[in-house]
Amino acid sequence: YVKVSASGQFCLIDDEGKGEKASLKPMHPTSVEGVDDMIRLGDLSEAGLLRNLLVRHKQGSIYTYVGSVLVAMNPYQMLPIYTAEQVDLYHRRKLGELPPHIFAIADSCYYNMRRKNRNQCCIISGESGAGKTESTKLILQFLAAVSGQHSWVEQQIIQANPVLEAFGNAKTIRNDNSSRFGKYVEIFFNKEGAIEGAHMEQYLLEKSRVCHQAPQERNYHIFYCMLSGMPSDHKKTLSLGDASQFKYLSEGNCLTCDGRDDTEEFGRIRSALKILTFSDRDCWEIFKLLAAILHMGNIDFQSTIMNNMDSSDVMSSSHFSVTAKLLEVQRNSLTHRSFMTNREIVTKPLSSEKAIHTRDAFAKAIYGRLFVWMFTKINSAIHKPQTDKPTYTRKSIGLLDIFGFENFRQNSFEQLCINYANEHLQQFFVRHIFKLEQDEYSKEGISWKHIAFNDNQKILDLLAVKPLNILALIDEESTFPKGTDATMLNKMNKEHNGNKLYMSSKSNHGMQFGVKHFAGTVYYDCEGFLEKNRDSLSMDIMELFKKSSNKMLKLIFEKDTNTNSLCNILCLFLCVTQQVIGDSRRQISTLSGQFRHSLDSLMKALSLCQPFFIRCFKPNDKKMPMVFNRELCMQQLRYSGMLETIKIRKLGYPIRHTFRDFLQRYRVLLKTVHCDPNTDWKIGKAKVFLRDHHDSFLELEREQELYRKALIIQRVMLAHKDRFKRRAALVLQKNWRGHRDRRDFCKLKQGFARLQAKVRSRQLHTEYMRRRAAAITLQTQTRGYLARKDLKHKKDAVILLQAQTRGLLARKTLKKMKTDVTLELQQRLEELLRKNEEAAKSQVKDDEEMVENIFGFLPSAIVGQEGPAPEGFEDLEAEPVKLEEVELVESPVRERKESDEFSFSKFASLYFQGSSSHSHIQQRLRQPLLYHEDEGDALACLTVWWIILRFMGDLPEPKQERASAIADPIQMNLGQRQARRLSNLVGLDQPQPKMQTVQEEEDVLFGERATYDRPMTPLEKLHIIVGYAIVRQDIRDEIYCQILKQLTANKNPKSTNRGWILLSICLGIFPPTDRLTKYLQSFIHYGPSEYSSYCSERLRRTLANGERSEPPCWVELQSVENKKPITVAVSLMDGRSITLTLDSARTSAEMCNSIIQKINLQDSYGFSLYVAMYEKIWSLGSGGQHVLDTVSICEQDEKRQGREEQHAPWRLYFRKEIFTPWHDCSSDQVSTELIYRQIIHGLKSGDYQSDKEDDYVQLAAKHYYVQHGSESSMETTEKIVRECVSLTLIENKSMVKLMQMIHSGPYINSSKPAYEVKAETVEYAREKWPIYFSKFYEKNLYSGPSVPQDQFVVVVNWKGVFFQDVTEAAFLQLSYPEVGIVCLTTPKGMYELKAVKGRELVELVNMFISGLKKRSVYAVATQDLIRQEDPTLLNYRRGDVLFMIKDGEYSSEEGWIKARNERTNQTGAVSLDAIRILDSKEGGRGKGGAKEKLWANSKEPLKQPLLRSLQGNSELCHLACDCFTDILPHVRTPIDLTNQIFGPATAHVELRDEIYCQIMKQMSNNSHGLSMERGWQLLWLCCGLFPPSQLLLRFAQRFLESRPREPLASNCLQRMQAIIEGRKLPPHQVEVDAIQNNSTQIFHKVHFPNDTSELFEVTSTTRIKDLCRNIAKDLQLSSSDGYSLFVKTSTKVSDYFFDNLRQLTDVIKKGKKVKEAAPTIAPYLVLFMRKLWFNVIPGKDLTADLNFHFPQELPKYLRGYHSVSKEDMISLAGLLLRIQVDTDKSQFVMIPRMLKDLVPADQQKLMTADDWKKVILKPFIYYSPVYEAKLQFLKMISQWPTFGCVFFEVKQTSEKSYPSVITLSVSKQGVSIINPKTKEVLAMHLFSKITSWSSGNTYFHLTIGSLVQGNTLLCETSMGYRISDLLSSYKDMYLNEIPKVRKSRRINI
């Protein structure tokens, strides 16, 4: 202030009371109280700036603006301006809107990054101790807070600071927490502005501080924290004590730091290390190395002489041994040094001084490498991969916290590097503030007065830019082995002596030089420069590290040891010269070189960002609060250029927009095209230049204008809505009034009618009752008289009749009793004698007749013509042909030679067991002839023996069947076998029975089976014998031996004849084993002549064609009886019939070959033999199927229907079964004719059906032309209609109309040859009905990608392979290019199937695939191949179409072909393993084909996207082509590729229109029904995932509207209109399953806390909040607020319901192989519960109380979380008992067992069970309903402070005053910390006091209070994510309830 003296002179009195005379001028008003922004200072002078800072410093305002530059004064005290409220206050506020604050700069960085989509950086500069580190931490914590995610990575980034400060900061004379290294933190943000990672770089750690400290300075903090905070047992293990015991810590005579608690800091460091994923093992290894460094500093050396050289030895001390133990090394490398000469390594002893230097270098190296390793470890923890789309490059904010300018009494090499870095930062500041800005004005033509500024570029030139600069000279001298600090100084003096910025040493012997820096002149002491710059270790120390067993030591020196080992090898074994060694040494990187390289990289990174500057000032050097040193502050103001900065910020235009950007952002404010040139903003050549207040004004006006426009839109929409509501209300009122009046009139009219009816009914009722009473009286009198008269008459007659009858009966009975007794006895005796005689005579006669007439039933006509023709084949029936009857003639038996080598007697002697002979017997066997291990086989042999004896007549037949409930196992099994389908196809309309395994009961008793102990027909006996042979293959030799035994020495000719018949039948069914074959052939050879050759031939045929699988049939017995082949008729589809011979071993292949030869068929593939009976028809194929097996099945089926087997009406037909993919109708007209006739016949019978009636008409017209040419006749047309149109169609459509349609067909006047029309018909059927020309195989899925069913039918036709279910719906279709060879290898995976005819299926598919490969010329690449170095190989990408050139240059057998890439038109060799051959034919695409329609359905992959907008982006092009490749099979197969199709589109918005276009393309011109069905399902899913763009929207809507008949079209349109913004994930499996089942409604079960559940409808667009509202409305809750959905244990839900389910249930386990195309979905439950407990008053909402509040609060009470008194506990127990048992008093005795449901768990031992029973029964209320007891329970516990809390039991390690295990309770008030044992609330933290929180996998971190020195709580728990989510929900709830007091808010558009 100014004081006027008595003499009238002015005296200036400063703030310290000192006076000075001066000439004064009035102070500007802005300098009196100070301003926030110094640009607004009226007095722009150094004094004005200093005055403003002084005034604000006294006011406690430490922050001041200079435009967007922040000046921060270090207050040296804690200020209450860094709370959570301050964070919320400055978030989303404009710079300058609030008082200056570092949070405002941080928010501006964050806002500009999101608004301008550009990286930001904040340069924090200032002297050491100015507060740079604290400023960096504050910005970090602010960014973490506004990110709002509370993620674990945010906490890890924040917790990296305490660790780095502990290891990189130390106390200096100027700063108690001085950073002795520099760091650059780059924080990465995703598209939503959330932090998702960070990266740190470190610069130049001051390693010399580890060994030496200046007076009153300390070593790094970590050493003191470790010694103060480490447990005593750990310190004892490491031999540690007090800090004063170690030289490395006591050199500065300062062991403590004021205001810093090293013990508490050690706990924070340990917690931070845990958060940063440092394991306990890592921490222990780190502390071991730190302890080793401390012990190393106490190692001393004594001087000695060795070999006339100075030497040293380690003085005896425990520190040396402890160091060696901790480092785990064996030898001493401190007292000698090895170095390398030309050819050898020489070891030299070191003096004590050099040994000390070596020791210090050792310690510094360990600490330096450890610091770098920890930096790397921290980076690996905080650096996370990008989660956004690859097209979006995440943005970042960089924070530079680097060492400030330093000028000590003695400055060394580190100070030179530090000040060089500060010069760079000053130049960066000058360049951005002055140079670039003024250059921009000149470039844009803005009139501007140049502002002078201090440019420090010349200082940078001196230090590092120009040639022979200071740092270059230091590096050069470091490379010379004999270079010293003195020689280096001499070179610098010589080179820079004339430079004004360089100052030589003051004396010739001085070792100093000076540099005039921007902040002042600094003199540097050169001693130790070269050693520090070299930063190298001796070979001995490196070898010591290499041989150490300490893993951490080896890890941190891994790079150095590897480099050192390589250098040693090169030097020892390559014998390089000295010159080479010198050259290599020059290339060794020095410390200054590394630092310059890092600094250059930093400057480049900063130049790419928009910078913000924070200039930190020190108010004094004494670190005292509220002390302002003018001289110090003025010095900082001068060298920082603040005055010039203020001038350029005041006069300049820091805000610049291009014309386009300016118009686009502010066009909403445009009201005129004229502008006033007399303004303080400027327009350049291409930009608009504004000042800060202009930008603030425009942004504010823009927000207000947008707000006003929004209000207008809302007003219009609300008005429209109100008008609509008004009109609707009027219509509703009008209709309601009319309805009300009509209702009242109807009521009145009905009332009058009812009144009239009531009166009339009353009158009629009265008259009726009068007349009825009179009639009843008359009737009563009359009926009484008549009844009495009739009764008297009847009574007299009855008495007379009874008397006469009784007398007669008595007399007759007496007479009969006397005569009947004698007659009855005589008749019984005679009848018994007569029956016995007749039975004896008839027994022998019946047996002989049965055997004689064994084949008397056999037919004599050609087989296959019995009974009616099958349904639909009547027109192909031929006349039956009779055969001649053949009599059976007995023939003599050839004599058997005894010397025969293979005689049966010899076989019997070798293999028969026991005393069994080989000759005929007539009694049962006690054991089988051959040995059998299986007991069941042995019993079966005895049963067969009994049946054979009966068949040959050696045993008589039982007289009658014995009743038994036991079924015949063989007949049962044969029935099962006969019931199954033997062939490939049982009609297209027949169900498919499952195959059953034939089994037999093991307890079969031979000869005693009730089902066999009955009279049987010979055929039944044959079926039993042969059936056993089929079921049990091991007894076949036994059966043959039994038959041969009975034929040997059999004297009964009839028995012998029947035996040979039995042998003949068996030889045609099953072969013997190799052991018996030759003996059997020998026996047959010597048998009867008529049987010998016949049986030999049957045996040969059976051995050749294999065994049969069915018992013999009736027609087969005829063949055996006359010993001739069976004659059978086979019908062709053109009406012809062919007669063929048939024997027991005849197969379908032999039959087909015979037919093919007879009809001269050339194109014979695919024709098969069919059998038909009644309405069934099935294929026998053209392979090894036995024909008579099928005939046997037909006969057995006939028998099951209750008819006779011999009359089974089966027929054989020769038909086309399957087409080849390369079928050509012109190759064989005979084949085309047969197929054509088959098609016409199928149309008539209804076998071939089409969806369109026009198809039948067109085929009929073609048939008309084929039959009758171009003639026109209605009579002929009618005949054609009846020939080829089914009766059903004729009945549905009139005959006349069909005749008219056919008569007007295109072939009436045609001249086309008939065979071409036939070929067209065949080709049409081939394309239209591939399912009718297919082979079918029953399969079970063994392994492979998931399919809807495990048992299904595999359908194979010329189009591909289908998987078909029992409803004949194909759920998977694979074309042949998608199927691999041999097994079903598809693009989705390998299908391994189990089937009976698997070999036939594989051979068929392989034949089709190999044939396609031979004929196809197109293939698609399945992988990428880019090999520029080999010109012979073709380069291609996945999805490229390749044209195969078959010129013979490469052999496909070797796996290579020659091909041309149609995308690049290049030719080269291609591996067959890398391509998939397409089913395109030769010349089908490249020879004059029609131009491809891009909008129509295609079967070939795309070479480029459909949309032009994607063609510039190669990555999106590739993804689009891949999606279409997945859609190709998808449209034809079930929906299981949705992830591959929709995944890229949900990640890339640009692909969404492409997916729509691809799906609609495949649905255009697509006639395949199944393909269209799958396409609509895909489009339905797509419409629920994301909408099309506005450009495509109208076309997509038109596409759907033009298909009104499609069931899903309208639904797709609704879904497309409902989806507003795209979902983030592909559809959930529930959606896919629903649409696959053709269901557009999805109901999901939601569970409630009261163990109930309900189904709620959800759609693809259902949001979580909408579903919660629907549930609350359905349950009639008062409000849905506070309720939430829980999936499993997580509540982290997304906007869309199905997106949330997919995130939580899809199991993606990295590193584990999961079966392809079979995504694992974890089981889950969707729960609806109350989450936030606010405004919960029991009784207010009874539904919520009973269904939610009570079931949620009861478990908390029973687990003992609440603090409850004994009285309340008893009362509550009584209420709970009332709820448990209701009024059932019998349950009272169970109270001791029910205590866990009545009393808290921790209080049950308070009393005995009986005492609890007594006290609980007292408050028990009998009359209170259960719901009132629940409500009373809630009312009682609602009085407790812990009501509604959510409790978490966690383990904490950060607060020593708390127990290790605590309970965290989260309620509407905040977070409480509770002692779980005493239930005492240790602390209660309101939400307003909680600064931040975050959660990880196993940790939860909570910060309370200020951001600077807040209290932290680190908890170990796996429920951290739940705590974090609950806190966020409560805080969001409070923020939403806070009134909007801010007048404006940024709108981020």
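Glycine is treated like the rest: Cβ placed from N, Cα and C.
In TrEMBL, annotation is done automatically, which means it is predicted and not curated.
Here is what TrEMBL says about this protein:
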- GLY126, GLU127, SER128, GLY129, ALA130, GLY131, LYS132, THR133: ATP binding site (BINDING)
- 33-705: domain 'Myosin motor' (DOMAIN)
- 920-1121: domain 'MyTH4' (DOMAIN)
- 1126-1430: domain 'FERM' (DOMAIN)
- 1414-1480: domain 'SH3' (DOMAIN)
- 1497-1636: domain 'MyTH4' (DOMAIN)
- 1642-1938: domain 'FERM' (DOMAIN)
- 599-621: region 'Actin-binding' (REGION)
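Annotated features, which come from TrEMBL, shown on the structure.
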residue: GLY126; record: ATP binding site; Cβ neighbours (10 Å): 23
residue: GLU127; record: ATP binding site; Cβ neighbours (10 Å): 26
residue: SER128; record: ATP binding site; Cβ neighbours (10 Å): 21
residue: GLY129; record: ATP binding site; Cβ neighbours (10 Å): 23
residue: ALA130; record: ATP binding site; Cβ neighbours (10 Å): 25
residue: GLY131; record: ATP binding site; Cβ neighbours (10 Å): 25
residue: LYS132; record: ATP binding site; Cβ neighbours (10 Å): 28
residue: THR133; record: ATP binding site; Cβ neighbours (10 Å): 24
For the region 'Actin-binding' (599-621), sequence-distant contacts whose Cβ falls under 8 Å of one of its Cβ atoms, 6 or more beyond its ends: 53, 57, 68-76, 102, 105, 108-109, 112, 116, 118-127, 129-132, 135, 174, 184, 186, 201, 203, 396, 398, 400, 404, 420-421, 424, 428-429, 432-433, 627-629, 632-633, 636-637, 640, 642
Additional residues surrounding ATP, by Cβ distance to the GLY126, GLU127, SER128, GLY129, ALA130, GLY131, LYS132, THR133 centre under 8 Å: ASN74, ASN175, GLY404, CYS616, LYS618
Per-region confidence, the domain 'FERM' (1126-1430) (mean pLDDT, whole number): 79
For the domain 'SH3' (1414-1480), the number of residues DSSP places in helix, strand and coil: 8 helix, 27 strand, 32 coil
Number of helical, extended and coil residues in the domain 'MyTH4' (1497-1636), per DSSP: 89 helix, 0 strand, 51 coil
DSSP helix/strand/coil residue counts for the region 'Actin-binding' (599-621): 9 helix, 8 strand, 6 coil
